[in-house]
């Protein structure tokens, strides 16, 4: 969301347009260091990898002209036409990437496999996009997809395949970029062996991954100038080579030379396709990193700077090769004029590192999105910037990427073999994006199915040709991204399948409200002082863990709150809409429900203020319920009542049910009066001394003077305040998921071995939810799914 400048467009449009233009120009400058590092370094290896093996002996002027014509029209068709003019317009509230498209589709066609969507979610300000009316054809197709679960599963598999290929890019991009740039040393120092070059590349790669924990924002100011200097350098070198070696290369812009290329090479042209497609590597980053910038800024940067610089560089390199066909194996470095070789080599290495950094960061982001949508095990996500929410660091993924990248570099040792794998990964991601984009055209943009089919066929014809060429090279290294994607897909789908089965078990084993109401307000047990926060994935009903706890422990807290932390298929949920509060049973039971909603790009601030926000929200709901008729219900009614959005961002001192009486830090010298025992207080003091970083703000609430307040409301609010002062306990299920005895062998293998292994080796729910261990109660329970 752009900040409101307070300027009316009708009063002063020139000033407003100038503000937007200057902002987009600044973002365009910043985008060079984040988005275009990978795409701009592709000239290092495109021509050498397009003419490998026996094709090196068939290089002549006509072939080079045809290869450049293919590169020119590929750059024009895919990055410029498809991404800049079409795909960048399909953002999800400013966010881009594979999961952004899937999120849009899940909202408009209800294709999500996890049935935890609520009507209240559709009232989120970020939920709607574009027109809400559906055409007859799109509505019938929408109903068809929603009706057939297998099609929705297939769509999820396609999305996970695309995400897995992006992670594969995170492995292959650093390997090929750094190795291709460092290989320039062999042109200057002929005595250097391949082994020395490999060692230098591995040292740079280890340093690159070792610095990831610092976050890209610490060195971001260096990134944009590096890429800009690199683009200016390759533009200047390309222009010089074109004028010096062969100015007639400009004729190769004509598609006629593509026909000559096929006529000259014949069926072996498919081999060169596997290298030519690498001119588009990094294109997906323009869409995936859209959340950091604006569509206009990315279009400006690509259209006015990146695209012409790349065209002139390829044109100049082709002009040089047309007169020096024997230099095809190292065309970029051999085409550099001698006096500027070393400066260009240094800037090429730095640009390769920047490009690698960008794809590594994008890999972290997509893993975080997968985790938010229940498609990846819980891992530690560290936010490295207070201002850029998208900049994250995941330690486990970082070291896995480093090991895989070093293995690829040491195992293949040649950019040609890595390029075969790299091309397949990049083109597969584009292929998936084209398919999802066709569905977005139908369901989100409300265009005709014919237009979507034309879009799909046109770009699939081009990308399919390149993808087929990449598959031909599967035995020569192209198998790597396939193996990596299969492994990551198995992990993702196993986790999603197990999570979905566990959720369905909870859904079908909910506690009956009739049983709960039959126990009476005391629940048939002793109600001890304090608040019990019962965490569950259920957004409705009472989870089975509650009855399991009540059956085995004859005491429960005076105030119960069923907390559900759920992800919504939107990128961000504004703080004003985050808390959804409702009542589970009639007022005397003192049982509430709180749904805390996060978007797939949101992060949970560890500010220790969750308890205070929750109490404030419940108090607001209690008062709202007494005033607004739609939230009223008789004490005898069987309510799992209507829920209300409660904002926690306004000033707690104004127009609030509760006011802050005291604001201090918990510690040994705390003077907070509490009804907790001295033993428990001493335990808290010792815990806080040993864990000073987990100290939390303690807020005491008081009722404001309001003589007209309903006595029943006042009594409930007083009970809430006293329960808060008596302490808060977090009750979390420690579940063991097992397949039923009657299940198939495959299901038993997936659940009992695959899912169980992932659950044991990922972060626990209490850690992921930032729950203090001193207040944690775990309830063990076996799920037979």
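Each Cβ is built from the backbone N, Cα and C atoms, and glycine gets one as well.
TrEMBL does not curate its annotations; it predicts them automatically.
These numbers come from a predicted model, not from an experiment.
Under the heading domain 'K+ potassium transporter integral membrane', TrEMBL lists 27-516.
Per TrEMBL, the feature domain 'K+ potassium transporter C-terminal' maps to 529-783.
For the transmembrane segment (63-85), the residues of the chain that approach it from at least six positions outside its boundaries are 39, 46-47, 50-51, 249, 251-258, 260-262, 264-265, 272-273, 276-277, 279-280, 283, 286-287, 298-299, 302-303, 307, 310-311, 314-315, 318, 321-322, 325, 430, 434, 459, 462-463, 466, judged by C-beta separation under 8 angstroms. Per TrEMBL, transmembrane segment is recorded for 63-85 (among others).
The transmembrane segment feature in TrEMBL is assigned to 153-180 (among others).
Positions annotated as transmembrane segment by TrEMBL: 192-212 (among others).
Feature annotation from TrEMBL assigns transmembrane segment to 219-240 (among others).
Among the features that TrEMBL reports, transmembrane segment is placed at 269-288 (among others). Within its own chain, the transmembrane segment (269-288) has Cβ neighbours under 8 Å at 35-43, 45-53, 55, 67, 70-71, 74-75, 78-79, 83-84, 87-88, 96-98, 166, 169, 173, 261-262, 298, 302, 310, 314, 355, 358-359, 362, 365-366, 419-420, 422-423, 426-427, 429-430, 433, 465-466, 468-470, 472-473, counting only residues six or more beyond its boundaries.
What TrEMBL records for 300-320 (among others) is transmembrane segment.
Sequence-distant neighbours of the transmembrane segment (340-367) (same chain, 6+ residues past either end, Cβ-Cβ under 8 Å): 33-35, 37-41, 44, 97-99, 163, 166-167, 169-170, 173-174, 177-178, 180-182, 184-185, 187-188, 204-205, 208-209, 212, 216, 223, 226-227, 229-230, 233, 237, 282, 285, 288-289, 333, 376, 379, 381, 390-394, 397-398, 401, 601. Feature annotation from TrEMBL assigns transmembrane segment to 340-367 (among others).
Feature annotation from TrEMBL assigns transmembrane segment to 388-410 (among others). Below 8 angstroms of C-beta separation, residues 170-172, 174-175, 178-179, 198, 201-202, 205-206, 209, 212-213, 215-217, 289, 291-292, 360-361, 363-365, 367-368, 379-382, 418, 421, 480, 484, 572, 601-603 of the same chain, each at least six residues beyond the ends of the transmembrane segment (388-410), sit close to that stretch.
TrEMBL lists 422-444 (among others) with the feature transmembrane segment. For the transmembrane segment (422-444), the list of distant contacts is 78, 82, 86-87, 90, 98, 101-102, 104-105, 108-109, 129-130, 134, 137-138, 141-142, 158-159, 161-162, 165-166, 168-169, 172-173, 176, 274-275, 277-278, 280-284, 287, 451-453, 455-456, 459-460, 463-464, 466-467, 469-471, 473-474, 478, 481-482, 485: same-chain residues at least six beyond its ends, Cβ to Cβ under 8 Å.
Residues annotated as transmembrane segment in TrEMBL: 451-472 (among others).
Tertiary neighbourhood of the transmembrane segment (478-495): same-chain residues 156-157, 160-161, 163-165, 167-168, 171-172, 370, 374-377, 404, 408, 420-425, 428, 470-472, 750, 754-755, 758, selected by CB-CB distance under 8 Å and a gap of 6+ residues from either end. Annotated transmembrane segment per TrEMBL: 478-495 (among others), in sequence order.
What TrEMBL lists as transmembrane segment is 515-535 (among others).
Averaged over the domain 'K+ potassium transporter C-terminal' (529-783), the predicted model has a pLDDT of 74. Counting residues 6+ beyond its ends, the transmembrane segment (192-212) has Cβ neighbours under 8 Å at 174-175, 178-179, 182-183, 185-186, 219, 349, 353, 356-357, 360, 393, 398-399, 401-402, 405-406, 409-410, 413 in the same chain.
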